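Chemist: Feature table excerpt (Swiss-Prot):
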- 318-353: compositional bias 'Basic and acidic residues' (COMPBIAS)
- 357-369: compositional bias 'Acidic residues' (COMPBIAS)
- 385-402: compositional bias 'Low complexity' (COMPBIAS)
- 422-432: compositional bias 'Basic and acidic residues' (COMPBIAS)
- 481-491: compositional bias 'Basic and acidic residues' (COMPBIAS)
- 564-578: compositional bias 'Low complexity' (COMPBIAS)
- 585-594: compositional bias 'Polar residues' (COMPBIAS)
- 596-610: compositional bias 'Low complexity' (COMPBIAS)
- 716-765: compositional bias 'Basic and acidic residues' (COMPBIAS)
- 813-839: compositional bias 'Basic and acidic residues' (COMPBIAS)
- 840-851: compositional bias 'Basic residues' (COMPBIAS)
- 883-897: compositional bias 'Low complexity' (COMPBIAS)
- Asn67: (3S)-3-hydroxyasparagine (MOD_RES)
- Asn100: (3S)-3-hydroxyasparagine (MOD_RES)
- Asn226: (3S)-3-hydroxyasparagine (MOD_RES)
- Ser299: phosphoserine (MOD_RES)
- Ser432: phosphoserine (MOD_RES)
- Tyr446: phosphotyrosine (MOD_RES)
- Ser473: phosphoserine (MOD_RES)
- Ser477: phosphoserine (MOD_RES)
- Ser507: phosphoserine (MOD_RES)
- Ser509: phosphoserine (MOD_RES)
- Ser618: phosphoserine (MOD_RES)
- Ser801: phosphoserine (MOD_RES)
- Ser851: phosphoserine (MOD_RES)
- Ser870: phosphoserine (MOD_RES)
- Ser909: phosphoserine (MOD_RES)
- Ser994: phosphoserine (MOD_RES)
- 680-863: region 'Interaction with ROCK2' (REGION)
- 39-68: repeat 'ANK 1' (REPEAT)
- 105-134: repeat 'ANK 3' (REPEAT)
- 231-260: repeat 'ANK 6' (REPEAT)
- 35-38: motif 'KVKF motif' (MOTIF)
Amino acid sequence: MKMADAKQKRNEQLKRWIGSETDLEPPVVKRQKTKVKFDDGAVFLAACSSGDTDEVLKLLHRGADINYANVDGLTALHQACIDDNVDMVKFLVENGANINQPDNEGWIPLHAAASCGYLDIAEFLIGQGAHVGAVNSEGDTPLDIAEEEAMEELLQNEVNRQGVDIEAARKEEERVMLRDARQWLNSGHISDVRHAKSGGTALHVAAAKGYTEVLKLLIQAGYDVNIKDYDGWTPLHAAAHWGKEEACRILVDNLCDMETVNKVGQTAFDVADEDILGYLEELQKKQTLLHSEKRDKKSPLIESTANMENNQPQKAFKNKETLIIEPEKNASRIESLEHEKADEEEEGKKDESSCSSEEDEEDDSESEAETDKTKPMASVSNAHTSSTQAAPAAVTAPTLSSNQGTPTSPVKKFPISTTKISPKEEERKDESPASWRLGLRKTGSYGALAEISASKEAQKEKDTAGVMRSASSPRLSSSLDNKEKEKDNKGTRLAYVTPTIPRRLASTSDIEEKENRESSSLRTSSSYTRRKWEDDLKKNSSINEGSTYHRSCSFGRRQDDLISCSVPSTTSTPTVTSAAGLQRSLPSSTSTAAKTPPGSSSAGTQSSTSNRLWAEDSTEKEKDSAPTAVTIPVAPTVVNAAAPSTTTLTTTTAGTVSEVRERRRSYLTPVRDEESESQRKARSRQARQSRRSTQGVTLTDLQEAEKTIGRSRSTRTREQENEEKEKEEKEKQDKEKQEEKKESEASREDEYKQKYSRTYDETYTRYRPVSTSSSSAPSSSSLSTLGSTLYASSQLNRPNSLVGITSAYSRGLAKENEREGEKKEEEKEGEDKSQPKSIRERRRPREKRRSTGVSFWTQDSDENEQERQSDTEDGSSKRETQTDSVSRYDSSSTSSSDRYDSLLGRSASYSYLEDRKPYSSRLEKDDSTDFKKLYEQILAENEKLKAQLHDTNMELTDLKLQLEKATQRQERFADRSQLEMEKRERRALERRISEMEEELKMLPDLKADNQRLKDENGALIRVISKLSK
């Protein structure tokens, strides 16, 4: 039964078999001849390796390449040197093998022989002309990698005999690349050839080997920073892989793509050396910031005006250079640039002012010889571009001295990628403006400024959309390392310690710029008012033709320009106003007057400020209703009292004035930096050196006074001020009585006071306006006294930056009486212990820092003041003195302006000094016994402080002793643990030595096995090659 079932299954299998693919196969198996065909080069290398010279000769006769290299770049000669096969080395060299052919790592056969220590092969190779100065990829010569002394001696002797400069040999490749890069840059054509195997470019090589100079030149010549080799590696991959930090930084600064992947999906971070991974991450953050900053920047890098005619021509940089323009704009601009060159060279002869040029980083090594070769160069203008197009940045590039043309040689253009800006320009755009912007500040005369026209101003306002900076104003911009913050701080601190006058047009523009950035609503109005102001100036062209000062928009760009532009100027002489207005505009007038060429008149310069001065004056007039408007011939530094009939200016409405005053006050509150002790000492020393014997008020006093005045004025009403004026008169009478008593009782105290307070009292009584009872004519007459006394004093050259800051704080001379009342009231309240806490807190730090002596009121000062007032009513004599001073203005414009500025600042802030006096000054209203009490208090405080100091010293010594004990304990523990560590290490090393000795015994057996396997391998290869024929 089972047999039947088996047969049935078998039959079914046979049925399924019939017609299957296997059944359809032919019965005779096809015999295909299988051949293993090796590359001729591989066969040749195998034959050489086996030492079969006959086989090698046959292969050479059949056309084999004797210099064939395997995947690692090793040739038969390399292999023979490694195998110590002297016969094969001689055979190959005799048959024409290249004795200096490098492998993939740059090793020539001599490197291999030196590394292995085969003296006979090395001697033979040197005898046949091998290069002992050959350098591999890591910069090593055969001498560097030789390990045996005999080999080192052989190679050293040969180096000495041939006179090879090893250091020069190491830098040979970089020198050649540098030469080629310069050549490409000068010719405007990059003729680079990719590596045959890897597809690497010169940029890859420079990045991988850290040739930073070559890298910069290649990028400048227009190389794509994201170019890839055959494996998809960019230059950043190469630089990161070989750990070249500087090369990575240059590539990132030129906005290379840090996320690019190679053929196997690796970014530069994946292939980077571990040591620079953190640095790469920092660079990535930096590049992200650069990208975001670039997106935010809508304005051009160099903001040019309508046709650059109202500015000096841009000068050449210090190196031999060419101008690189954005490629997509080249065609449309080259002609215009050529035309402009001739015009601006002529203009450059008239205008001797020059731009201080910034040297590019990459040109530092070559720039020393060319520092004196700055000549006019083509400047890029906005006039030939649409309003939405950014003016191109001028990018500099060094040239070889052998290929040097004139600096105004035709502009080269480079074939770069279609729509990209050249990478160097990208780098320049993203650099912080603080460094290169310095090159845009004017440092000399400004004669060329007079050539501007109203139509060009209109075009300029259109192009810059109301926020326009002239080339002479610094630009404060946020950068990666907080340069804005440093700049702002620097601009503020200049007021304290600046020793010299900065040579630039608007010295206060740094501070003004900071304020302007905070008020965007004022910017748009400034562009309109400035254009209108320029049109008004054109009407006065008979005066202004000589040297009109066109104020940059960053200087004084405030709402009060609205007033100045709405007042038509019809005077033939510049008009000045109240002290506040004059003080406000002095920085511009003094800086321009100082820089006017000797032959030109300063009248036009000063008249350009008259509108702003009148605006300030009208502000003060509306506030005080006192006739303080006066005239000044030629210079805005001397005030002619009580002569409003000679002015021809019209005032603006009171509504606009008050609105402007409120707006200005809101953002002019001074911010004081915290000072260290050393800074304070330096500032005090500078102040002492630069002031006269009668100058008692420093810049710090002015700043503190303005703070207090601003706060008190905002909180007090008119009614309170009137009450305080009455109180002030009563207090004066009381004080005079007290002082008379004190004079008889305490003569020694009076002498002390007179000795230390004269510097303050003389200045104050000489320049202070009279009290409110005679606030109209006498106030003007005291101003004339100020003007006449001003020029008799010695010259005081304060820096313009100090003047600019002082001007903002001393605007309230016309309301001196009100402020006196306020200060007296505050003193009284302070003595009753009812004054606000904030005022007391403000006093304390000031008292600690006072270094200019003690200020007192005396009976003599008040009597002198009355005598002064009676003297100043004689107007004719003072006016004579004034005209005398005016004639002197031409020769001392800068110093007199500064002097007037400082005197106004002191008189305006004197009342604040009353509030700031130390205890001894305020106690003179009390009995003389208070001095004894004060002395006892100070004595007790000193004793207390001494006791505290003693306790602190004791604690300090205890702590030092504890620290020494702890240190010694730690040292003992460290020594013990170190001994144990050394013992463990020694045991481990001994075990290791014994293991090595065992392995050393097995070494001969391994060598024998290795040789046998080599022989078998060679035999197999020969058999296979014969079979394949």
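Heads up, residue numbers simply count up from 1 along the chain you see.
Even glycines carry a Cβ here, placed using N, Cα and C.
Give me the local environment of each listed feature.
Modeler: In three-state terms derived from DSSP, Asn67 ((3S)-3-hydroxyasparagine) belongs to neither a helical nor a strand segment and is classed as coil. Listed in sequence order, the residues of the same chain lying 6 or more apart from Asn67 ((3S)-3-hydroxyasparagine) and placing their CB within less than 8 Å of its CB are Thr75, Leu77, Ala97, Asn98, Gln101.
Taken residue by residue with DSSP, Asn100 ((3S)-3-hydroxyasparagine) is part of neither helix nor strand, so it is coil. Non-local neighbourhood of Asn100 ((3S)-3-hydroxyasparagine): Ile108, Pro109, Leu110, Gly129, Ala130, His131, Ala134, each in the same chain, at least six residues away, with C-beta under 8 Å from its C-beta.
Around the Cβ of Asn226 ((3S)-3-hydroxyasparagine), the same chain contributes Thr234, Cys256, Asp257, Thr260, each under 8 angstroms and 6 or more positions distant in sequence. Secondary structure from DSSP puts Asn226 ((3S)-3-hydroxyasparagine) in coil.
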Chemist: Including all protein chains displayed, how many Cβ atoms other than that of Ser994 (phosphoserine) lie within 10 Å of its Cβ?
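Modeler: Total other Cβ atoms inside 10 Å, all chains included: 10.
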Chemist: Tell me the residue counts in helix, strand and coil for the repeat 'ANK 6' (231-260), as DSSP assigns them.
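Modeler: Secondary-structure composition of the repeat 'ANK 6' (231-260): 16 helix, 0 strand, 14 coil.
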Chemist: Mean pLDDT across the repeat 'ANK 1' (39-68), rounded to an integer, is what?
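Modeler: Looking only at the repeat 'ANK 1' (39-68), pLDDT averages out to 90.
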